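Reading through the C-alpha cells given below for one structure.
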Amino acid sequence: MVPGARGGGTLARAAGPGLLALLLTVCAPLRLQAEELGDGCGHLVTYQDSGTMTSKNYPGTYPNHTVCEKTITVPKGKRLILRLGDLDIESQTCASDYLLFTSSSDQYGPYCGSMTVPRELLLNTSEVTVRFESGSHISGRGFLLTYASSDHPDLITCLERASHYLKTEYSKFCPAGCRDVAGDISGNMVDGYRDTSLLCKAAIHAGIIADELGGQISVLQRKGISRYEGILANGVLSRDGSLSDKRFLFTSNGCSRSLSLDPDGQIRASSSWQSVNESGDQVHWSPGQARLQDQGPSWASGDSSSNHKPREWLEIDLGEKKKITGIRTTGSTQSNFNFYVKSFVMNFKNNNSKWKTYKGIVNNEEKVFQGNSNFRDPVQNNFIPPIVARYVRVVPQTWHQRIALKVELIGCQITQGNDSLVWRKTSQSTSVSSKKEDETITRPVPSEETSPGINITTVAIPLVLLVVLVFAGMGIFAAFRKKKKKGSPYGSAEAQKTDCWKQIKYPFVRHQSAEFTISYDNEKEMTQKLDLITSDMAG
C-alpha cells in the first residue's frame, strides 16, 4: 500500500459533503443562466404587422429547463391574429412544460400535451406576451407560431402546402420569416412548384414576397408535370422533384422579362483577365462575355487576390431608365476554371447622378446578396422593391479563387402610368393674377440626356417674337399719331378703337396663355419621386 493512501481516502470522505455543497453553489448560477428569459427561443423574425416565432431547435427536440418569453405587437388599433402551425409539448399536465399567451386583460392557455388547441386566436388587443417553458422531458418539437394584424384575416403559417387547398385559384397572406423554417420545395418560378412544396417558402423563392416583409400571394393550381427543376433563388434552395398530379404557380405584375444587353457598348468592368489555353493562345475574359445566354467563358477580373477590399465591378448600361426586378448570375461556366462570386452588392444610378447602394427595407443597411456556390449553376436574386435606373453595377464581396460572372437582368420598360410627374399649371383666367390652380397632368418624364439649351430655346423663341411684335406695333402707332397731329393736336376717343389699335392689342392677349408654362424646379423635384428606391434606402 502506498503510504498515506488510507489517510487520503479518509480526507476525501470527510470533504465529500463540503465538496457537494461547493459544486451546487457553482452550478446554481449556471442553471439560472440557462433559464433566463429568451434562452428557449428559436427562430424569430418580426416586422411591422407580421412575424414568425419558434421554440429553440425546432423542429428538433426543444431543450430541458429553458424559458422563452417575447412580447409581439402589431400597429395600435389593430387586433392580433395568432396561428399555431405546430405544437408538440411532452407534458400532459402543463405543470412544467407549456405554451401561454397573456395580454393586459386576457390569458390564453396554458397549452401542452394532447389537449385540443385552437389553431387560430383572434385577440382583442394589439399586443401579447408569448411564454414557453420547459422542464425535464425526452421528446417534443416545441412550437411554431405565426402572427399578423387583423388587416390580414387570410394569414397562413409557414408550414402550409399547396396540397392543403382544393381551389384552383386563391389568395393568402404569408407572414415575415418563413424562409429559414425547415421544409422542402421543388420547382421554380417559370415551370411552377410541386404541390407538396411549402407555399410561403416557394413565394420567397419566386421573388413574389421578401422574407423580411411577408406579403400577399395569389396562387394558381394547375396540372402537374413529369419533372421539377430546382434552383437557388433568394436564399432558398429548391430541389429537383418528380411527377405529381398538381403543381402551382404565382401570379405577378408581369415585370419579369429578360432585359437585353448589348455586349459591345453596354457592359464594362473595372478590369479583365487574360489566360493562356493549352495551345498557347491567349483567352480574353472580357466584360462583353458577361451575358448569361452566351456560350464560352465569362467575364473575370484581373485581380485574383482574396484578401484585398472589394473594388472590382461589372457595370451594365441599359440605354435608358428601366425597372429592374431581379438578377441571375453564374460563375465562369468552365469546368477547368472553378471561379465564381459568393456574395455581392448592387449599385445603381441615372444620368449625371451619383452611385447609390441598394439597401434593405427593414434595417436600411447595405444589402448583401447570396451569390453562386459553384461555377455552373445559375442563382437568382429579386429586388423588392425594384431598382429604377439606367446604370447598374454588380460589386463582388466574396468569391472563390477569382471573380468571374455572367449576368442576366430581369425587369421591364417603365410604362406611361409609372412614368409621370405632377406640375402646377398657371390659371388661364388672367395673366396678371398670381393665383394658380393645382392640376395633375400625366407627362413623360423629360430625358436626363436632354440638353438644357433645348429648354431655353423653347422659352426664348416666343419671347423674341413678342418683343418684335411690340416694337413693330409701337412704330405703327407712332406713325399713326404723327399723321393725326396734322389735323388735330389731340387724339379723339374714337382713335383708341381703330382696327390698328386692336391689331396691336391682340398679340399680347394671344401670347399670355399659360398653356406651356412649366415650373422647372417642381419638375426636378417630382422626377425624384419616380425612383422606387427612396432616398432613405439608398446611400
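Glycine is no exception: its Cβ is also placed from the backbone N, Cα and C atoms.
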Recorded disulfide partner - C68, candidates C27, C41, source TrEMBL: C41
Of 278-312, 348-382, the range TrEMBL labels region 'Disordered': 278-312
Lowest local Cβ density among C41, C68, which the record lists as disulfide-bonded residues, within 10 Å: C41
DSSP helix/strand/coil residue counts for the region 'Disordered' (278-312): 3 helix, 7 strand, 25 coil
